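Right, one structure below, let's go through it.
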Amino acid sequence: MSSEKSGLPDSVPHTSPPPYNAPQPPAEPPIPPPQTAPSSHHHHHHHYHQSGTATLPRLGAGGLASAAAGAQRGPSSSATLPRPPHHAPPGPAAGAPPPGCATLPRMPPDPYLQETRFEGPLPPPPPAAAAPPPPAPAPTAQAPGFVVPTHAGAVGTLPLGGYVAPGYPLQLQPCTAYVPVYPVGTPYASGTPGGPGVTSTLPPPPQGPGLALLEPRRPPHDYMPIAVLTTICCFWPTGIIAIFKAVQVRTALARGDLVSAEIASREARNFSFISLAVGIAAMVLCTILTVVIIIAAQHHENYWDP
């Protein structure tokens, strides 16, 4: 009892104030004793239970000096508390405190670094970021395909996959379709060589909106008959000019000049119509004058009668 109550030797004078009136600095944690290796049948539990005692420094009049002195003197000058058994071995361990002492459970140095061994397979790793799909392998051999005839003398290979194999480009040419045109009533003979031919008459094929048959250009009209008629019956000055233009139309057609023939044809038509109009107007005017003269003559005769 005397060793537990004494904090410092009697020779050291007490210079500190009462221990319960002034705050004391935090005491340094005691150095944990070396831990023993756990047995093989206890590998599922934490490795912090060991035999030994927890030494608590007594806060007496000496403060930290009494704690250091108590740590040097060992169990005789420190308060030891019994530790509750936690998977303790069946027999008393070496250095265990006496049964009458109270021990506190010792915590590991770092509670976040506890070594715990788990049985079973490891958890799967987190899924990695979605990687782009690997590029398709380049074809090394020509894929089987079929031959598409596109033009006379040039063919192209179109594979089944829809792409053209390297070295064999697909040669496409614009479509040149020739539609046969048969005139109405034109018979044609059909049959095998050496056999009798069958003569039949087919109607002309219908013309679609995008199909136009090239017809030969019609030559322009010379208007010679109307020019002669207007010259004789209507107005001869313009009639003679119309006849002259009609002759120019025939001359241009004879040498193959369609442009000059078109121009001369228009002029011959215009002068012929002018001759016709002047002739009609002259006949109307002559008729009116004739009627006026006849009426005037009758009035004059009636005036001079007795």
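Start at 1 and count along the chain as shown; that gives each residue its number.
In case you wondered, yes, glycine gets a Cβ from its N, Cα and C as well.
Per Swiss-Prot, the features are:
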type: TOPO_DOM; residues: 1-223; note: topological domain 'Cytoplasmic'
type: REGION; residues: 1-144; note: region 'Disordered'
type: COMPBIAS; residues: 15-36; note: compositional bias 'Pro residues'
type: COMPBIAS; residues: 40-49; note: compositional bias 'Basic residues'
type: COMPBIAS; residues: 64-79; note: compositional bias 'Low complexity'
type: COMPBIAS; residues: 87-111; note: compositional bias 'Pro residues'
type: COMPBIAS; residues: 121-138; note: compositional bias 'Pro residues'
type: TRANSMEM; residues: 224-244; note: transmembrane segment
type: TOPO_DOM; residues: 245-275; note: topological domain 'Extracellular'
type: INTRAMEM; residues: 276-296; note: intramembrane segment
type: TOPO_DOM; residues: 297-306; note: topological domain 'Extracellular'
Legend entry - the topological domain 'Extracellular' (245-275) - residue tally per DSSP class, helix then strand then coil: 29 helix, 0 strand, 2 coil
Legend entry - Positions whose Cβ lies under 8 angstroms from the topological domain 'Extracellular' (245-275), at least six residues beyond its ends: 217, 219-224, 226-227, 230-231, 234-239
